[in-house]
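K.L.:
Sharing the features that Swiss-Prot gives for it:
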type: MOTIF; residues: 11-17; note: motif 'Nuclear localization signal'
type: DOMAIN; residues: 24-121; note: domain 'BRCT'
type: REGION; residues: 249-253; note: region 'Involved in DNA binding'
type: BINDING; residues: Gly324, Phe325, Arg326, Arg327, Gly328, Lys329, His333, Asp334, Val335, Asp336, Gly441, Trp442; note: 2'-deoxyribonucleoside 5'-triphosphate binding site
type: BINDING; residues: Asp334, Asp336, Asp426; note: Mg(2+) binding site
Amino acid sequence: MNHAGMLALVKKRKRPVEAGAQGQVEVKFKEVTLELVERKMGSSRRNFLTRLARSKGFRVEDVLSDDVTHVVAEDNQAEVLWAWLMGHGLRDVSRLALLDISWFTDSMREGRPVRVETRHSIQNTPTGTDCSPPTAVANVSQYACQRRTTTENHNNKIFTDVMEELAESSEFNESKGPCLAFRQAASVLKSLPSAVHCLKAIQGLPCLGEHTKAVMEEILTFGRSFKVEEIRCDERYQALKLFTSVFGVGPKTAEKWYRRGLRSLQEILTEPNIQLNRMQRAGFLYYSDISKAVSKAEAKAVGCIIEDTFHWIAPDAILALTGGFRRGKEYGHDVDFLLTMPEIGKDEGLLLHVIDRLKDQGILLYCDYQGSTFDVSKLPSCRFEDMDCFQKCFLILRLEQGQVEGERGLQRDPGDSRGWRAVRVDLVAPPVDRYAFALLGWTGSRFGRDLRTFAQKERQMLLDNHALYDKTKKLCLLATTEEDIFTHLGLEYVEPWQRNA
């Protein structure tokens, strides 16, 4: 492979626009105007954050005025800030959102103004701290499949973000126990209907061990986790996180590259002894696109392409959007679809026809097809595998600007003049009699993993993407819908949008 020729794929950073030069950058979010408080932040850091925000399409004022909607401060006492605001003679201070720097950080990471949560707001007067449990302890199950978690009730993001970073670090260190513990803790905290203000509020809640509680106590006391800040500065963690952001690169490959002394994507591309596989080459080739989040509008546009293609081949075909978008998420890393035919056997070779049609349309940038190895005679499987045996393909498609509805259109970098972007798409085609199990599994999140654990430990059943096997009756249970599976397990049905565990 000609690595040198791929260097052009890794773009050089553009020189940032100086503070005070908002006119040089397009303002994407006209409903939001920021003011960064220099006190405690310092002028150099304020200038840097101003340039960063403007580069992402935010309007930032240099002087506080009535045009400002969001005031962002760092390490300031609430009463001092509010006194400072009152002294500026603004028409209506009550309409301002006075926010901690964490809101700004979250917004920069997402590339858009995130929803203001309680943890972001700097309140004028303390309202008192509620240390009662956020919900009856008896109602919080140890199993995510018995909890309802939407995208709206994540009131403890200050904790769950830290837990997920600690879990990721543990995964890089191949520490399976701590990794699982932190992810279970994050899942429980996500399900709570209100914010946790003290440790007394979580007494009796499941999956919150002493290590987790110690981390939460540190956050409650200092507003941050020093362990996570240490991890973020760790060279190995930074390298592995960067390398695994490339499509086709897992933790083991990332670790191997790190041990060879590589620290950047450029170094990987210029290292003559590294042989990238086909998926990894595509990952580098389209890195600037597929490392960005996919919006719901983009997922909908991809859905129209897949639906039109699929129904052109088979008008009676069955198609479902799965993954995070089925759970109601606004953004995701890729777009997943389940495809099948109403008659058993008609699904054979289905994806190959879809792939050929996408090629004919000139929008197929990459394809990795895997044929079916599903064998009903080998059911049940006593060990769950992360990847099922159905035919599937991992694609990268070209999505045009005109195909995406809404004002924002495609997710692109400022200055990107292309009228298209690359999007990752996964297609899975199970037989119709396995469709319900595959749909449940591919909807994803910890909910599905805990559902399998619940089935085995509480019901003596084996559940995976292929079947539900009753070990007592020694037979596979039939299901044509997800509701059927919940009924077999003796569980209340949980809607997809309530499965964001």
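From the backbone N, Cα and C atoms, a Cβ is placed for every residue, glycine too.
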K.L.:
Taking Cα-Cα distance, which of the binding-site residues Gly324, Arg326, Gly328, Gly441 are within 10 Å of Asp336 (Mg(2+) binding site)?
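P.N.:
Final answer, ordered: Gly324, Arg326.
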K.L.:
For a quick check of packing: other C-beta atoms within 10 Å of the C-beta of Asp334 (Mg(2+) binding site), how many?
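P.N.:
Taking every protein chain into account, the count is 20.
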K.L.:
Quick check for the class: what is the C-alpha distance, in angstrom and rounded, between Asp426 (Mg(2+) binding site) and His333 (2'-deoxyribonucleoside 5'-triphosphate binding site)?
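P.N.:
One finds 11 Å between the Cα atoms of these residues.
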K.L.:
Which residues in the same chain, at least 6 apart in sequence, have a Cβ under 8 Å from the Cβ of Arg326 (2'-deoxyribonucleoside 5'-triphosphate binding site)?
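P.N.:
Sequence-distant Cβ neighbours: Ala320, Thr443, Pro496.
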K.L.:
On the three-state reduction of DSSP, what should I expect for Asp334 (Mg(2+) binding site)?
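P.N.:
In three-state terms, Asp334 (Mg(2+) binding site) counts as coil.
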K.L.:
So of Asp336, Asp426, which of the binding-site residues has the fewest other Cβ atoms within 10 Å around its own Cβ?
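P.N.:
Counting other Cβ atoms within 10 Å of each of the binding-site residues Asp336, Asp426, the minimum falls on Asp426.
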K.L.:
So, by DSSP, how many helix, strand and coil residues make up the region 'Involved in DNA binding' (249-253)?
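P.N.:
Secondary-structure breakdown of the region 'Involved in DNA binding' (249-253): 3 helix, 0 strand, 2 coil.
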K.L.:
Around the Mg(2+) site formed by Asp334, Asp336, Asp426, list the extra residues of the same chain whose Cβ is within 8 Å of the site's Cβ centroid.
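P.N.:
These residues sit around the Mg(2+) site: Thr322, Gly323, Val335, Phe337, Phe394, Arg424, Val425, Leu427.
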